[in-house]
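Accompanying notes for the structure given below.
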Amino acid sequence: MAGRILLGLTLLATSLPLLAMGDAAVVPCISYSTVPGYFLQDDPAVDPKTFDYAKEGFGLIDQAYDTDETLDAELKKLPWRRFEHKVRSLNKHAASNVRFAVLFLGRHGQGFHNVAEAYYGTKAWDDYWSKLDGDGTITWSDAHLTEEGISQAKVARDTWAGQMKNSIPLPEVYYTSPLDRCLATAKFTFSKLELPPSKPFIPTVKELLRETLGVHTCDRRSSRNYIESTYPTYKIEPGFTQKDMLWDPEVRESDSDRDARLKKLLDDIFSHDKSTFMSLTAHGGAIRSILNVIGHREFGLQTGAVIPVLIRIETSTDAPEDPEEDLTIKIQGLN
């Protein structure tokens, strides 16, 4: 079964582009770093346990930028417009292999698995209950949102609506985990917002954006047919299988393997998507890995919370890989 995880990740990894150079292939190498100083969550003095993203308007720091002088006087009054102008200026003046992007990372609202873990305790949950589909009272296989979870997603919706009045730059693209709690959170957060026709809410379901793989049934996704019928307006990425090929009932993904998987996800996104402002609806563990990959300080999110991050993306190329040379080396190694 563990081989299925490796096979699935390998197949997904092959979707990343290779740049042809004669008979050799150049493998794009993408590195990420956080650009700090724009959001309160960047500050080590800010406590994630008490921080209220909704009250803080997603945490944008109201400050002057060196690009303000090129804005109209009225737009200078709007912190989000000044921030957007700054980000677009960074991209305008960046090297050809460098770009900047803003990720709005949203954790799903409370799911039934969260309720069960709180009720039974983490040890009993990890040792026993998480391996079952439910306890006879509630079901947590591919856990759905509770009423509280739906309310949390609507808080995120209201926060977006409030900041839209302050000219927040809207996501140009939406991505979501294929697990139901994220699919539903994205729907309750964005589907009722008055978005412009140029930036509609049509999320793309990304297999690699899901929570830690294996063992816990709450992290086993439903079939492709279920997702397509329940969320008919969502797009599903190419290669998305009917059945869950990544979940293993015997093997739980390590934190380092999860980091590597989320790095592949970011590589896939930034190899194909030129958007600057992006929304990703995901999980506590997945977001923890993304923050680790981009070099952000650790910042745990409560269910339903959102953290924005400004990141720098740099693409370089490794030395060309020559299949014939590689084969020669292997043959020589047999002598």
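A Cβ is built for glycine as well, from the same backbone N, Cα and C atoms used for every other residue.
Quick look at what Swiss-Prot annotates:
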ACT_SITE  His108  active site, tele-phosphohistidine intermediate
ACT_SITE  Glu211  active site, proton donor/acceptor
SIGNAL    1-24  signal peptide
SITE      His283  site 'Transition state stabilizer'
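Taking CA atoms as the reference points, His283 (site 'Transition state stabilizer') and the residue listed as 'active site, tele-phosphohistidine intermediate' are 6 Å apart.
Less than 8 angstroms from the CB of His108 (active site, tele-phosphohistidine intermediate) sit Leu145, Gly149, Ala153, Ser177, Leu179, Arg181, Cys182, Ala184, Thr185, Thr281, Ala282, His283, Thr303, Gly304, each of them six or more residues away in the same chain. Mapped onto three states, the DSSP output places the residue listed as 'active site, proton donor/acceptor' in coil.
Residue environment of the residue listed as 'active site, proton donor/acceptor' contains 25 other Cβ atoms, counted within 10 Å of its Cβ in all protein chains.
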